[in-house]
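As structure tokens, the structure follows; a few thoughts come after it.
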Amino acid sequence: MSSADGTYDVVVLGAGSTGENVADTVVRGGLSAVLVEEHLVGGECSYYACMPSKALIRGTEALDEVRAVSGAAAAVTGELDVTATLERRDTFAHHWDDSDQVAWVEGAGIDLLRGTARLDGERSVVVTGPDGGGTRLTARHAVAVCTGSEAMVPPVAGLADVRPWTPREATGAKTPPRSLVVLGGGYVGCELSFAWHALGSRVTLVQRMPRLLPEAEPQASDAVLASLRDRGVDVRLDVDVTAARRDGDEVVLTAADQEVRGEEVLLATGRRARTTGIGVETVGLEPGEYLDVDDTLQVRGVPWLYGVGDVNGRQLLTHMGKYQARQAGAAIVARARGEEVRAGDWSPHTATADHAATPSVVFTDPQVASVGLTSAQARDAGLPHRVVEYPIGSVAGAELFADGYEGTAVAVVDPEREVLLGVTFVGPAVAELLHAATVAVVGEVPIGRLWHAVPAYPTVSEVWLRLLETWRG
Ligand SMILES: Cc1cc2nc3c(=O)[nH]c(=O)nc-3n(C[C@H](O)[C@H](O)[C@H](O)COP(=O)(O)OP(=O)(O)OC[C@H]3O[C@@H](n4cnc5c(N)ncnc54)[C@H](O)[C@@H]3O)c2cc1C
Ligand SMILES: NC(=O)c1ccc[n+]([C@@H]2O[C@H](COP(=O)([O-])OP(=O)(O)OC[C@H]3O[C@@H](n4cnc5c(N)ncnc54)[C@H](O)[C@@H]3O)[C@@H](O)[C@H]2O)c1
């Protein structure tokens, strides 16, 4: 559905997983759309984040699973093949070639324009192409900004000058560094410390907070800390790095009472919105800030503008960006047709799950799989809640899965409404337990009805029954 004069129903800035899904949803709704991309179609997740990082981790996970089953463990007679693991990672990153994604975009009836886009006043976008030429695009109905986020460089003296790795370099490295200092103990810090340690690097993880994964249930932080330390990662908590410098072929980080050295240093200290240089000031917004949006992902005060995915800072996760894209796309189509947009919770046009039902998995071993509110979040929100905990390793399915299985399930229950506010599973391979919890939280399934959701024997899911029994007392 090409446009000779650059006018489309919807103009989408950024062809990451979010932008692709906004464009796809509006085209399915009968509108025309153009995607503008300055780098690789598919965005961060495909080439520099989710897929390559999980490919780095998966081999270690698979070996750990076999080594934990007496009898099968005897078949593991070698070590992880680092070269083959890195080659497998390369295939998951499509060798940083986006031709498959481009073919998908074309097949979906979406126009693609290569270049750097910036807003230029109301419903207007200027694109500077690879040859330096400019194209003006005009949107009849909506402009969706889906430009994502980038690694934040913390304000540590000298850090920007030591050529630190961002997650891009850390997921794409061609060989393991001899030693790696990981700054930050959140999702990226924990996963990539786990990955590169297993691939042969000496890893030091420096976390400013007193615990890893500070937003998670404490049981998760404790289990991931214990596992990383048992494996040989040097984890340092509560350390405030004040300066960085290069010393020969090493980077040196300095804190009040210690020094940490490594061949490379990885910044895993969070993200910032990619809203600088994209012309947001031409429509009255502040560059560098996350876009402030309502639940239909419409930018507050600018009704034709949408901010979807990482760029709004609501939930920096691929699946949540794609969910927001579907909801925003539906809202754009409805508004274009003059139909009513329902702004209430759980409507076809709102991203309600962002607030209290977001699922996520930290892919370390143990994995941390959680959805909804943690006990601390329920407390801070002033919600009535009771915490129910059960050791997953006591369930027959878990005993069969791995000898000496260690794990914990934590459920946060609203005792007045008798529904789940949140659930966290910590343990090997718990990621696949998560979706049942997501359905229970989103559906606000009453505890009384959950007793009828009978887990098959002997599966790890029997932990659900044990949680209900513990709740009943
Ligand atoms: C190491 C790492 C691992 C992760 N692992 C997971 C995981 O396992 N699961 C998960 O759910 N999430 C994971 N995430 C988060 C996930 O990568 C992001 O939430 C997701 O990529 C956001 O998608 P997006 O489309 O909003 O932004 P992006 O993927 O960043 O896409 C934005 C696109 O916009 C383009 N762009 C930017 N500015 C312009 C411009 N001016 N003009 C034209 N194009 C522009 C960019 O080139 C890019 O292609 C991980 C993140 C990191 C850093
Ligand atoms: N498996 C997944 O789904 C996955 C994996 C990776 C990233 N992500 C997404 O990407 C986002 C960004 O990940 P992230 O790990 O960069 O951010 P994060 O917010 O998860 O963690 C950053 C950590 O860095 C620490 N920190 C901040 N400044 C520091 C400093 N100066 N020195 C030492 N520590 C410091 C913080 O205490 C925090 O724990 C995540 O919030 C998540 O949404 C998801």
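Cβ atoms here come from the backbone N, Cα and C positions, even for glycine.
Note that TrEMBL annotation is computational and uncurated.
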Look at the disulfide annotations in TrEMBL and name the partner of CYS50 from this list: CYS45, CYS146.
CYS45
Listed co-binder of NAD(+) (same site as GLY184, GLY185, GLY186, TYR187, VAL188, GLY189, CYS190, GLU191, source TrEMBL) among GLY270, GLY277, GLY279:
GLY270
Taking 10 A as the limit, how many CB atoms besides its own sit near the CB of CYS50 (disulfide bond)?
18
Which is it, of THR147, SER149: the one of these binding-site residues whose Cβ has the most other Cβ atoms within 10 Å?
THR147
How long is the line from the C-alpha of GLY186 (NAD(+) binding site) to the C-alpha of GLY148 (FAD binding site), rounded to the nearest angstrom?
19
For the binding-site residues THR147, GLY184, GLY186, CYS190, GLY270, which sit with their CB under 6 angstroms from an atom of ligand 1?
THR147
May I have the list of same-chain residues other than GLY184, GLY185, GLY186, TYR187, VAL188, GLY189, CYS190, GLU191, GLY270 whose Cβ is within 8 Å of the Cβ centroid of the recorded NAD(+) site, in sequence order?
VAL182, LEU192, LEU212, LEU213, ALA268, THR269
Three-state secondary structure, which DSSP defines for SER149 (FAD binding site):
strand
